[in-house]
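J.: Structure below; questions to follow.
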Amino acid sequence: MTALRQRKEIKVSNVYEDYPSQEEEEELERQLLAVYSGRGLWKILSYMIGGTIGLCIGFLTSIYLATLHENDLWFSNIKEVEREISFRTECGLYYSYYKQMLQAPTIMKGFHGLINDNKTESMRTINILERMNIYQEVFLSILYRVLPIKTYLEPVYFYIYTLFGLQAMYVTALYVTSWLLSGTWLSGLLAAFWYVINRIDTTRVEFTIPLRENWALPFFAVQIAAITYLLRPHLQPLCERLTLLAVFISTFLFSLTWQFNQFMMLMQALVLFILDCLNMLPTVKVTWLYVIQVASLLLVCALQFFNSMILGSLLISFNLSVLIARKFQKNLKTGGFLNRLGKLLFHLALVLCLTVCLNTFIKHFLNLKSDEHIFKFLKAKFGFGATRDFDANLYLCEEAFGLLPFNTLERLSHTLLFYAYMFVLSVMVMVAVIVALRNLSDSTKVQFIVLKPGTAYNLMHSILFGCLAFSTMRMKYLWTSHMCVFASFGLCSSDIWELLLKLVHLYTPKRMKMMRYSVPVLILIYLCYKFWPGMMAELSELREFYDPDTVELMNWIKSNTPRKAVFAGSMQLLAGVKLCTGRTLTNHPHYEDKGLRERTKEVYQIYAKRSPEEVYSLLRSFGTDYVILEDSICYERRHNRGCRLRDLLDIANGHVMDGPGENDPDLKPAEHPRFCEEIKRNLPSYSAHFTRVFQNKTFHVYKLSRHK
């Protein structure tokens, strides 16, 4: 039987109480829109302020460095020959090609003169564009010809202002990289300020302007910034393609402007390889970066008339080996910890074997020996046997190719950079180890510890280039500038402060933000208080270029020798001779050619214990008309015994070195006295071949006799 039940009354008011009214919805939408609009406007304003500060600090750094250069040399007031002499050693050689292009009647004749050059190396016609990285000088010379600036800007100023302008781009790129990593432009400001106050250890542009690294490193910094952005997840396809284009252009320009590009990019490829194996970077993007590196080098190779040294580079062999090895091992990132570790070790062995085999085959096929001196140097440097090789010892005895001095770290500590860097590096290394072990074991533990791909790349980049800097002081400029970026990023990183505060159970969003912004601000205040007065005082110090002996020598050569005369002497001095006088050289400082290295060793017999007849015969074989002897080399005291140029020659010739000290038992006393000392006595055996035609306190010039 069905029973009827009274229907309960529905309270309409209760239903509407659960949902907001239309007016309330509109008010909520207005509030949310106001919040998001406010955040959006603040974000846009922050980008505008940060971008403006980045551009300004880059521009101010450029002006600061240019002013230091002017104040140190009084560059605007000295004579043209003094300006050119200030471009020491290989700097003068590179600048001479810029000058040569400007002096050519037309651009095409200038090109022809570089492709068929017979003044850089006597009795040889060489292609300068193939041998050296001087496309930047060619481009600038063409630009100077085309632009309507000749009436108010001298060629030398156009050249040096371009280099100082690149420094603005360099500092801005460092600023942007730090900003991308940390998420705040305050980090970029701290990085740029650290770069400037550590100028002694971050750049040497103000006193070696035309050096290749001063052209290349700004593009390298742009490339690192572009890679850091590329490694961000969830990029839009168009944005990703544009970033890849930026990476390619910057990599290509870096490769085009520096002969050591392949070694720096090999370090970069190792960074990508390690992180890819540990599953810290997306494999697709890593593959693109490998391809970009190889494509850039091959394009440079084509522009340098298929320079065999580029084709035989380890970078090309390594990158191709990695891509080939992947085809054989497609499941590297699957399985348990031991299984995956075994696969990675086998993958590493396979890549190394392929690299060695491929590189050996290419060098054998091309008969390539241009870079063998580098491997001899590395072998001796890292203790794999002593060497008597003259070229290797020449590098080993130079301070720039020695270990990083401890006082460098002292200077970096004085500005708090080294302390901050080590703090950030220690934290990030621990994070990286945890993430690597988690990736290898496919574990889900410790999920609150994360390492972004861009951060992982910059961490490994900093570690490997730090090792390079410690092993070879000249390469410290690649590391110290990145130190500024990495240290400032860490102090402004929300991830690092969040992790540290969570570890001590003090984390709140407000505390994290307070640490993130207060620490860098306090450091900036301290640095400004301590170093700003010194920077201003440095700008007020006025000096003047003074090298009367070299000026006198160059003026004498221009006035008293034929334009086609051939000069022999030290590599460093001859670069200046070519720039200031346009005379033909027997040898020069660009040391990347086996034939030139052998020729230089033979020319340097003027400082060895050889007979006048032997020295004369060697010099005349290169067409030498005049030889310049330098007292600073003949009586050198800068290096210790065993590292003086005359000692290196004695050892290579199998002769006992001068002065007290030990000698290898198989070295024998020389049959002849030292040529550079004995020739000054004007004995008949010497005067029969050499006639002194010029001398001052530093230099002695001898003219070689022309025997029938």
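Positions of Cβ are set from backbone N, Cα and C atoms, glycine also.
Note that TrEMBL annotation is computational and uncurated.
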J.: With TrEMBL as the source, which of 127-149, 150-172, 449-471 is set down as transmembrane segment?
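T.: Feature transmembrane segment in TrEMBL: residues 449-471.
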J.: Any residues 6+ beyond the ends of the transmembrane segment (517-535) with a Cβ under 8 Å from its own?
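T.: Answer is 64, 184, 186-187, 189-190, 193-194, 196-197, 415-416, 420, 488, 491-492.
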J.: When you scan the chain for residues with a C-beta under 8 Å from the transmembrane segment (217-235), skipping those not six or more beyond its ends, what do you find?
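T.: Contacts with the transmembrane segment (217-235): 166-167, 169-170, 173-174, 176-177, 180-181, 243-244, 246-247, 250-251, 253-254, 257, 264, 281-282, 285, 289, 452-454, 457-458, 461, 477-478, 481-482.
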J.: When you look at the transmembrane segment (344-362) alongside the transmembrane segment (449-471), do they share 3+ Cβ pairs under 8 Å, ignoring any pair fewer than 6 residues apart in sequence?
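T.: Contact absent: fewer than 3 Cβ pairs fall under 8 Å.
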J.: Other than its close neighbours in sequence, what residues sit by the transmembrane segment (44-66), given a CB gap under 8 Å and a spacing of at least six beyond its ends?
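T.: Residues 160-161, 164-165, 167-172, 175-176, 179, 184-185, 188-189, 192-193, 195-196, 199, 203, 205-206, 535, 539.
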J.: Name the range, of those listed as 241-258, 297-323, 477-497, that has the largest tally of Cβ pairs under 8 Å with the transmembrane segment (344-362).
T.: 297-323
J.: Is the number of Cβ-Cβ pairs under 8 Å between the transmembrane segment (270-291) and the transmembrane segment (416-437) three or more, considering only pairs separated by 6 or more positions?
T.: yes
